[in-house]
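A.B. asks: Mind having a look at this structure? Questions to follow.
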């Protein structure tokens, strides 16, 4: 299957990175290389290191990116700090781009199990070489654990009801092995109460759990100050409120530390020695032209910071 993939907020994110042609850049989420290509097009003697744990992304990079100044690393972006440590790059990186969440090719490939639009095996792993599938997770998790995952990661108000139905179904009928099976079970449990598919939130929650997405994001954000140089920039594109909240809170804590402390501390003068970054773009969304080309860009939020 050939999947059309549009890199969301491409022009805005690359412009905000203010590419140095001789600089060192990291694409934390290669995907199909839209942001990587845009960065490489602006580099002369500079270099780009890209990370992705999806084997399909690695295969795509191998066949389509032969630049001498490009390196593809099959690893989660949680490995970026260790990579930079091993290659003497800590404090030398000019910019990092992270395009979070699931990519269009992943959603459109039924065999990956990310979407209820196409029936396929209930997998949902970004890296199919390891870890539990979504189907296996549903079997292993308790009702309380599933309820927590659906409520916290999916912001699903019927979390307990859905969790009970899923575990009851598994007890009576065995594994839930396909995306349509799970989506239909959720629909039958809560009905269709709004425009979007009733399975949307639970699919998001299960994917986040299977791939440990929020914990991985926190690990990456904790490392950015050590990785980039002074004047270096970090651009983060998020697609749902949980990701964006983590990005915003981390960036804010580095820009205005007193906001992250108690009420009394907020009344005190700013201690500029604690300010590590400044906003380049506090919040940007896709324009109407991009929305008309790619409906998936409607929820995207871009935030960009620079190290002081």
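Cβ atoms are placed via backbone N, Cα and C, with glycine included.
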A.B. asks: Of the candidates 59, 99, which does Swiss-Prot annotate as part of the S-adenosyl-L-methionine site that also includes 33, 34, 35, 52, 81, 106?
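C.D. replies: So the S-adenosyl-L-methionine site in Swiss-Prot includes 33, 34, 35, 52, 81, 106 plus, from the candidates 59, 99, 99.
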A.B. asks: Measure between the Cα atoms of every pair in 33, 34, 35, 52, 81, 99, 106, the residues the record assigns to S-adenosyl-L-methionine, and report the largest value in Å, rounded to a whole number.
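C.D. replies: So the maximum pairwise Cα distance among the S-adenosyl-L-methionine binders is 26 Å.
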A.B. asks: Least buried of the binding-site residues 52, 99, going by other Cβ atoms within 10 Å?
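C.D. replies: Lowest Cβ count within 10 Å among the binding-site residues (52, 99) is 99.
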A.B. asks: Around the C-beta of residue 34 (S-adenosyl-L-methionine binding site), how many further C-beta atoms are within 10 angstroms, looking at every protein chain?
C.D. replies: 19
A.B. asks: Among the binding-site residues 33, 35, 81, 106, which residue has the largest number of other Cβ atoms within 10 Å of its own Cβ?
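C.D. replies: Max Cβ neighbours within 10 Å, all protein chains included: 35.
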